[in-house]
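Here is the structure we will look at.
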Amino acid sequence: MKKHFTLPRNAILRDGGEPHSPNPSISKSKPPRKLRSAKENAPPLDRNTSTPDHRSMRMKNPLPPRPPPSNPLKRKLSAETATESGFSDSGVKVIVRMKPLNKGEEGDMIVEKMSKDSLTVSGQTFTFDSIANPESTQEQMFQLVGAPLVENCLSGFNSSVFAYGQTGSGKTYTMWGPANGLLEEHLCGDQRGLTPRVFERLFARIKEEQVKHAERQLNYQCRCSLLEIYNEQITDLLDPSQKNLMIREDVKSGVYVENLTEEYVKNLTDVSQLLIKGLGNRRTGATSVNTESSRSHCVFTCVVESRCKNVADGLSSFKTSRINLVDLAGSERQKSTGAAGERLKEAGNINRSLSQLGNLINILAEISQTGKPRHIPYRDSRLTFLLQESLGGNAKLAMVCAVSPSQSCRSETFSTLRFAQRAKAIQNKAVVNEVMQDDVNFLRGVIHQLRDELQRMKNDGNNPTNPNVAYSTAWNARRSLNLLRSFGLGHPRSLPHEDNDGDIEMEIDEAAVERLCVQVGLQSSLASEGINHDMNRVKSIHSSDGQSIEKRLPEDSDVAMEDACCHTENHEPETVDNMRTETETGIRENQIKTHSQTLDHESSFQPLSVKDALCSSLNKSEDVSSCPDLVPQDVTSANVLIADGVDDPEHLVNSASPSLCIDPVGATPVLKSPTLSVSPTIRNSRKSLKTSELSTASQKDSEGENLVTEAADPSPATSKKMNNCSSALSTQKSKVFPVRTERLASSLHKGIKLLESYCQSTAQRRSTYRFSFKAPDSEPSTSISKADAGVQTIPGADAISEENTKEFLCCKCKCREQFDAQQMGDMPNLQLVPVDNSEVAEKSKNQVPKAVEKVLAGSIRREMALEEFCTKQASEITQLNRLVQQYKHERECNAIIGQTREDKIIRLESLMDGVLSKEDFLDEEFASLLHEHKLLKDMYQNHPEVLKTKIELERTQEEVENFKNFYGDMGEREVLLEEIQDLKLQLQCYIDPSLKSALKTCTLLKLSYQAPPVNAIPESQDESLEKTLEQERLCWTEAETKWISLSEELRTELEASKALINKQKHELEIEKRCGEELKEAMQMAMEGHARMLEQYADLEEKHMQLLARHRRIQDGIDDVKKAAARAGVRGAESRFINALAAEISALKVEKEKERQYLRDENKSLQTQLRDTAEAIQAAGELLVRLKEAEEGLTVAQKRAMDAEYEAAEAYRQIDKLKKKHENEINTLNQLVPQSHIHNECSTKCDQAVEPSVNASSEQQWRDEFEPLYKKETEFSNLAEPSWFSGYDRCNI
């Protein structure tokens, strides 16, 4: 989530230096806001009207303060800026959409669409870009507005869509769709708004572009934000807690909303979630016109960034485009909406904001039509201030004006259409926001140019006859270096800063200082004979275009005044913090060889190249005066370029001697083991400031070795000569560079004074720094007090040093050196042992042979370890040679594979040209693939990376085992610790002050193991002891010399092996890089061949189609020609007939193609028709079955109703019969007693006729009850076979 919202401003439209227009009408068109009318076309106020107080205006104005007239943010438009900008004009696209009428408004329509781009309102015609009638769909609106917007966005243009109109006219529906249209189940519906459709198309097009330009590494990134402007206050809809946000404006980034939330989106679902979240927080309210009226302006912004890079030429581009979707609140009248209270306040703010927008559009339209400059009031409202880039700026604007065709909205419709007409007249300046980067090709050109200059410098450096060439070469080098620095390529990486603020005393090796001064004098004498001539020539040398070098000095002064840099033979120059140096050698090679040979004969140092011996060299335009008192006249060398800008002693030391090591020395000596008497060699070291361990104070150089030396202090005469040399240097340098002369001179004098103070202050002759020509990576040694220590040296070293002292130093220094040599001459190489005057002396006598034995044993062990290491290095070299051979084999295989690819291309070309048949092509291709498979198999089996990994693994295992054996099993660590302890005790004896007087008179012990102890030697044999000790001294010296020579040879062989290994590693890296490049080239070639095959297949198919078409055309032409020949047409008419025949044949072919297309269409339509007929038939059958089922259901329902009715009737009859039966039973019950009484009477009276009477009475009763029995029988018969009971059983 990103809290930043940027709207870039078009700098072309800004004109800060242009004054206000003198036209009074223009100045009056912008009165103070407090007296402004709320109407759009309010007349300008009188010029004499008094302006209100600025304080009250500032209190009521919520916007940021206006910039002063001199501020470049003040924007004015004029015809000159429009013509001078050079950008293509793009007008505003206006689309009018008519809202469908409501039920109460039908039949009362005043807006009528005349054509696709015009409409009439009450007889008045308006013309726009497009007209959407009430029947238009959301998809049609998207095709008119959204589709071009997406394409413009992908092309790199800023695009905006405004929805403008009265309240309830359908703006929100057009922009966002219905209220539930953003849910997932409605995302694919027809009612979707413009915004979801735009982003659906945008993400689809992004995927297409990424697939289409996959080789260009095309990547897109989209981020969105949503805000509303409610009552002139900006609220973040994605984070509603952030209210009243401020609009900021910056010259670089343009207009943006501070602290606005931006979220990255990747698909349509993310955008929909943002819209649902944001639009749910938007202010809406109900009015009498619209139940869901938007009460604020809503701005949805999406920034689309694309990056692509062409791998072939290194060209990369960065495009940025912005989509602004603005849903403006609708204008409304209080009379029609009935707004009151808060709604009335909202309506007032909305109308005021829209009025200011209309005023802004009026001014922009007037500027576009008349070309007169006017002030554009972007700051009148938050809306216009935020969207000023879309209005007359760098954007393509489309405005959707929604109108209602009802008679009741006539005035609002006219106002909207007039607003749209004015907006259509605006001309924006839309440009593609793309940044192209072509650094690779440019740098290739720079490299080519620098190579040419380097070649010219090498060629011209060997030409001593033309001295002017060196000057031009130096200036070309400076110009090239300027070019590199302008692109950041000439700035070397600095070493990490070291904290040197500690209280550490540094010891200066003052002999090295003097030798440095001597060498500076030697080298500066090179140009002593031709200094005046060269200084005069600097002023007269002219470049090829006629300009003198003096005139070009100010241009290149920043390069010329760079600090000096020390170059080595095998390494790049390195720089320390705040020290960037450059070196330009203008010395001929024959002179360099002569000077190096001279230095070899006259100094004790190992022969060094000029790059190692000097800090840097002067250009021939920068001459240095020599010190004739210090330097012989027959010695010549290179000029030295003194680094400027050095203000402190440490920098002075660094600039004076780049190859000197600065060794920190502790306040008290640290007792550590001395180094073996092994002579280190000079190595090509980089110029750097390194702190290392202390070196022995009196260690001296020996036979081509470069060790730390220490000599006597320089004399005042020498310091005076150094002062003269530095003053001469600063004086002559000021002639060429007058800018920094004083600073350079002061720094030199300060450094020389500091050296003099160090030389004269301390009694022990120690200084803060030690100067040494020792390589920075050499082994450290222990620092011991010069007056209290004895050091083993090689015979002859004193003589060499003394010779050097006699050759170059002053008289005082020479005497001092001779005295020191005489003091140490009697015992130059042997170890000093105290006499037997104390218990300490006796202890040291007993420990001397044992200590010497341990030292020799340790040195032998180390020599054996060194031999073993050399053997391992030789085996590694052998393995590396094998690895090189495998790399060469791999490169040869790659070359063969490349050749096979070229042969394949030739075969493909032959196949396309028809020279090679398809079968031959397949056979050759198969053979080539078999050969390539074999090569790849060999490469896989003998891959160098596998062997390299095995070699490294074996080497690591051997090293681990050796370290384990050396320090663990052999006990070398304990032995070394014992040697260190013994040597410390021995050294303590020498440092003891009580033994200093005995050191001068003591005799040396015999260092042979067969010699008798010191206590057993009588005093009478002094002469024989001296002879014996002399012999032992000689033997010891020879043995030590052999060990030193052997160690030197081994070290030389080791360094040679290391150099060979480094060289082979470098070659391996080159071979590996070449292999990778060949692999990449092979991959690219294979991809290119695949694309060529695809294109070839497409071309072959098209070729076959064209051949068939050509044959048909040719046949038609032949037919027409035959017909013309049969008709007897000849001459000019035949040519006309031929042309006509060709045209007719082409038309026939086209008609045949169309006929075939129509035939296919007809077949498809017939198929669809048959399917439709079958579907209709099936639907008819289904309908018939449904109708039959419906009729059966109706009959069954009717029968069920009849059965229910009959059952009800039967139940009623049963009830009646039950009642009747009960009545009859009651009647019979009453008749039975009467019958009994009557029977008794009758028995008494008529006993004779009893049987007949009984028979008649029974028959009478039966007759009376017979109808009842019949009815019961009928009822039972009716109930048993009833269909209703069977129907029930069927239903069950």
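Cβ coordinates are placed from backbone N, Cα and C, and glycine is handled just like the others.
The model shown is predicted, which means the values in this text are computed figures rather than measured ones.
Ranges compared are 234-271, 424-461, 956-993, and Swiss-Prot records region 'Neck' for 424-461. Cross-referencing 326-332, 662-668, 907-913 with Swiss-Prot places the feature region 'Microtubules-binding' at 326-332.
Annotation for G165 (ATP binding site): spatial neighbours K171, L328, G330, S331, C401, A402, V403, T416, criterion Cβ-Cβ under 8 Å with sequence separation of six or more.
Surrounding the centroid of the Cβ atoms of G165, Q166, T167, G168, S169, G170, K171, T172, where the record places ATP, the chain contributes additional residues within 8 Å, namely K99, N290, G330, A402, S404. The DSSP breakdown of the region 'Microtubules-binding' (293-297), given as helix, strand and coil counts, is 0 helix, 3 strand, 2 coil.
Under the three-state DSSP scheme, G170 (ATP binding site) falls in the coil class.
Summary: among the binding-site residues (G168, G170), the fewest other C-beta atoms within 10 A of the C-beta are counted at G170. The Cβ neighbour count for T167 (ATP binding site), using a 10 Å radius and every protein chain shown, is 24. Around Q166 (ATP binding site), the C-beta neighbours below 8 angstroms that are at least 6 residues distant in the chain are G330, S331, E332, A402, V403, S404, C409, E412, T413, S415, T416. Helix first, then strand, then coil: DSSP counts for the region 'Microtubules-binding' (326-332) stand at 0 helix, 3 strand, 4 coil. Packing around T172 (ATP binding site) is summarised by its Cβ count: 26 other Cβ atoms lie within 10 angstroms of its Cβ, all protein chains included. DSSP classifies G165 (ATP binding site) as strand under the three-state reduction.
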